[in-house]
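Student: Annotation comment: TrEMBL describes 1-13 as compositional bias 'Low complexity'. Here TrEMBL flags 14-27 as compositional bias 'Basic and acidic residues'. Annotated domain 'C2' per TrEMBL: 40-161, 201-324, 362-500, in sequence order. Residues or ranges marked as region 'Disordered' in TrEMBL: 1-33. Summarising the annotation, TrEMBL assigns transmembrane segment to 518-535, 600-617, 645-662, 745-774.
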Amino acid sequence: MHQNNQQPIPNNQEDFKLKDTNPRLGERWPNGGVRGGGGWMSGDKITSTYDLVEQMYYLYVRVVKAKDLPTSAITGSCDPYAEVKLGNYKGTTRHYEKKTHPEWNQVFAFSKERIQSSVLEVFIKDKEMVGRDDYLGKVLFDLNEVPTRVPPDSPLAPQWYRLEDRRGEGKVRGEIMLAVWMGTQADEAFPEAWNSDAATVHGEGVFNIRSKVYVSPKLWYLRVNVIEAQDVQPNDRGRLPEVYVKAQVGTQILKTKLCPTRTINPLWNEDLVFVAAEPFEEQLVLTVEDRVHPSKDEVLGKISLPLNVFEKRLDHRPVHTRWFNLEKFGFGVLEGDKRKELKFSSRIHLRVCLEGAYHVLDESTMYISDQRPTSRQLWKQPIGILEVGILSAQGLLPMKMKDGRGATDAYCVAKYGQKWVRTRTIIDSSGPKWNEQYTWEVYDPCTVITLGVFDNCHLGHGDRPGGAGGGGGSGRDSRIGKVRIRLSTLEADRIYTNSYPLLVLHPSGVKKMGELQLAVRFTCLSLANMIYLYGHSLLPKMHYLHPFTVNQLDSLRYQAMSIVAVRLGRAEPPLRKEVVEYMLDVGSHMWSMRRSKANFFRIMSLLSGMISVSRWFDDVCHWKNPITSVLVHVLFLILIWYPELILPTIFLYMFLIGLWNYRFRARHPPHMDTRLSWAEAVHPDELDEEFDTFPTSRPQDIVRMRYDRLRSVAGRIQTVVGDMATQGERFQSLLSWRDPRATSLFIVFCLCAAIILYVTPFKALALLVGLHMLRHPRFRSKMPSVPSNFFKRLPARTDGML
């Protein structure tokens, strides 16, 4: 599918870099470039100016309705529709059966770049089921006479026009109400308009190509504290039940532990936590089950509770407990007289609440875009505005075959906080131009916006062989690439115009799928609030007062992702599951040899600074550069004489380093780095392992080889971890009498040291130690020092390891 990618990976490193662009952004700054003037930012309301995109001009035609249309002489009725024609482009409204006063209210947009005619024609036709559609009349417009409309001007009022005959020689019966104007993509009619760029799309595909804004469902944590149950009667009255509770919300199922004692009044006091989405469609279903046999459980009672009956709490104060009567299992199918025999029922004691003070994590914490608690009452004021102009893409690779040739129908999705946006799909273009601008409120600058580019496989071409992904609903939208931008790396009020490489890892290696051009601006509304945020926790305080376990968070995050994918997949048009999962990094927790290497080398690059400092100090001690060694001696003697200068010197030094580094600061937002990701030199088998399904679908011999490789890598990690533990245990054994002689020597040394330090001035001691460390090589021995020898002889707990 991507065989025509002729870019050899080793030779095009520049292609993987971020590039500066200089697009001709639309409107100039209002008020001569003065920010915040003249009501451009009036109070809390931010007006959309569309100044981060290139202006694209469109001819708009709003077809509102028609009246007094003639009926057919044959059928005695009229099935009218309107056809708007400009040069080779033709758009049609839906048709109405047997209606002489139809109302369409549809808008058509023709790209000015592709206009090839100076006349716009609007036809009214009568749809014939068998023969050719009957012509009822037309209206002509000279494009030179069409007015231009610029928002925030009010929409152009439609007018009635008399229909002309086919040759334009006279008026015929019937009128049509129209509005025709020239405008830009900032026009509010643009998102819903039929677009000449997508004239080849028909049927359901029309809905799948429009730009849309989606909102993630509001997610809550549902905490179910199962306390106890009473009068749990087993089916076999001759034994005491071994009971547990199973709770289910939608597809999420959790169980309590078995009650440790066999009793008809079991006690658990366990918390079960679920993710629930508003509006609450699922119910909490609780079943009390008896472990009759290790492989057999019997249901003793059941209850279903709607989620909206539970209290929503905004802090950590406990909610009230409630008793609920359990239905005996199978109660609904009993005869009426049998029901009366059930004189009493089992009860279950619960404390259930919807947690409003947590943030429900539905994305990786590394790329978090929102950290507000669920409950809106706990939200703070926004501290900034993020504006993103999605300009265009360049050099996109063909993603599928259409009519015997490669084609790409690209659209872009951006996700920040609860708001998702999707641009319109540009049909059959390797350099699509969207020029759409979107705005988000920012509540925390230390968050990430994610943008993904996808190939639309749902354009209603199912009737064509090799059509768009197999037709109207069966294909999966293909990933073209992803961009992440951390807002805290952006300077306030600066427009960043860059071209980001779209890099995707394939089983064959890293591949550049094209470039995405963006214009990004982060506007700070309150500098004081932003500085205040830097000292506060990233997540709401409930995450720290009553934290979840790591396993719980992983499970809850996966459930939240599934719910978001399902709910957005039910929107119209749907934001599909594969798109949502890619944007939310669903598979980021899976094992990958490549990622493990990348993270290892990230740690090594961090340690390299410490290693280089220690090497420099070693060179000073060994007098490799006598001038440096002398200067260090002088500095050391000054600090010994005036110890109160030590901390100020350290902080002053860091201040000067920071000032020096200001010249070399990054001028671009971060982007996908192939070298950092260890994607350039990765082994093909390691890539194949990364793309393997879970559980594996590879042959047994390959899995065995990978398992052996994993064992060897894990063995080395195990050795390093063991060595670190050994050093720590040696420190412990200094005073633990594991080695009586070593501990005796150490405590005698400590006593002597205490006496010496008590009587010796600290300056003199520090001077002696420092001069000893900085002594000339001729006074050094090549053998390890006494403290090092003593430490290495101390026992660790390795002797007790099996």
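Just so it is clear, glycine is given a Cβ too, placed from its N, Cα and C backbone atoms.
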Student: Quick check on the domain 'C2' (40-161): DSSP residue counts for helix, strand, coil, in that order please.
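Tutor: Across the domain 'C2' (40-161), the residues distribute as 6 helix, 56 strand, 60 coil.
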Student: Is the count of Cβ pairs under 8 Å between the domain 'C2' (201-324) and the domain 'C2' (362-500), pairs 6 or more apart in sequence, 3 or more?
Tutor: yes
Student: Report the mean pLDDT of the predicted model across the domain 'C2' (362-500), rounded to a whole number.
Tutor: 85
Student: Give the residue counts of the domain 'C2' (201-324) per reduced DSSP state, in the order helix, strand, coil.
Tutor: 10 helix, 66 strand, 48 coil
Student: By DSSP, what is the split of the domain 'C2' (362-500) into helix, strand and coil residues?
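Tutor: Taking the domain 'C2' (362-500) as a whole: 12 helix, 63 strand, 64 coil.
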